[in-house]
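Take a look at the structure set out below.
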Amino acid sequence: MIYLLFIVVNCGYLSLLSKCRKLSLGQTLLFGLPMLMMWSLLIGGQYNVGTDYFSYMEMFVPGANLAYVNESRGEYAFSWFVETCQHLGVYGQGIFFVIAAVWSVIYLYIAYSLVGSKYIYLFLFVFIVFTGAFNNQMNGIRQYFAMYLLWLAIILIRKKRYVVSIALFVVIPFFHQSSLVVMVIFPVLYYWVSEWRKSTWLYGILVTGMICSLLISDDVIAFFLPYFDQYSGYFGSEKMDSQKSLLILTKYVCMPLFLYAIYIYPRMDLTNYQRKLFVFGLCGYAFKLSVVSMSLVSRLGLYFELFSCIPLVYLLIYLKMNSRKLVYILVLIYLLLPYSLKVIMSNTGEYSYNFFLSLN
């Protein structure tokens, strides 16, 4: 229930802010402080979230041995981040709070860059209820760190902040090595496939993703697994197998909305850059679909989560701007309902919540 409360309070608050005149980035960050603080408190204060929570807690204590991430995985940037926090006197659960705070600021910056101050509340709503990233992010800290930085680097390229962006691209693999694979896929989708603007092509992209999700399975991963021993422990785990069916189902639930967004797409008042983002987001969703049946590789689909929100956000903006109030509300309900069921009825794993102080 606390996640639903977060949505109501913060989307409501940001919606009220949208009634004001257009805010600058600095003003958005300033007025967004209540949301940033609630995000940091809620996500950073989670207790025993995911399978690696206590492993991270062992890393976050003074004098912890970080050889696991340094020597076996080469993820030196993450160990540097942990050591920096410890040098500043932040340990244990405090590092979770710092991580959540950093991610929340990056998210708000990206959301502002994509939709401006007026529609951040819609972007936040879709990001939480559609992607699942908000609930899952502390279940894979190193990968999500790489994801947030990758999203930021892509936005900075658009802003022509090339030096910072290149520096981030160099650093990102040292948070999580899986980002190297995605760094090859992203340019292909962003610079080439995203130029396919005809609706026929867009439907084709979506159908291709769906077909791949039905045809490609864990058997493919089993063939390549011997070459990636460091990830073999995840393959076929009870946790991943138990979540796979639910994950596949939730990704297909939103298929009608993407089809509707493609149908509306020619009528949307979008700039050339926004149309590129729409197609790129659609490609991201199709890619997530194509790998969702493969337990281990499905983690690569997480890198596309934020951008896969864009077609749905643009759809909601179109409906709101064109006074399609009933359809607008129905789409919001359609998105919210599956998420609410997971939070209220499932209430397990990342969708349950325990605050660390309540258990001490």
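Cβ from N, Cα, C; glycine included.
Packing against the transmembrane segment (28-47) from elsewhere in the chain are residues 2-3, 6, 9-10, 13-14, 17, 53, 93, 96-101, 103-105, 107-109, 112, 117, 120, 124, 134, 137-138, 353-359: each is 6 or more residues past its ends and has a CB under 8 Å from a CB in it. Look at TrEMBL and you will find 28-47 (among others) tagged as transmembrane segment.
Marked as transmembrane segment by TrEMBL: 90-112 (among others).
What TrEMBL records for 118-134 (among others) is transmembrane segment. Long-range contacts of the transmembrane segment (118-134) within the same chain, counting only residues at least 6 positions beyond its ends with a Cβ under 8 Å from a Cβ of the stretch, are 3, 6-7, 10-15, 17-18, 22, 28, 32, 35, 43, 107-108, 111-112, 144, 147, 250, 254, 302, 305-306, 308-309, 312-313, 316-317, 320, 332, 335-336, 338-339, 350.
Residues or ranges marked as transmembrane segment by TrEMBL: 163-193 (among others). Sequence-distant contacts of the transmembrane segment (163-193) (same chain, at least 6 residues past either end, Cβ-Cβ under 8 Å): 73-78, 142-143, 145-147, 149-150, 152-154, 156-157, 205, 276, 279-280, 283-284, 287, 299-300, 303.
Among the features that TrEMBL reports, transmembrane segment is placed at 200-225 (among others).
Annotation source TrEMBL lists transmembrane segment at 245-265 (among others).
Residues or ranges marked as transmembrane segment by TrEMBL: 277-296 (among others).
Annotation source TrEMBL lists transmembrane segment at 302-319 (among others).
Feature annotation from TrEMBL assigns transmembrane segment to 326-345 (among others).
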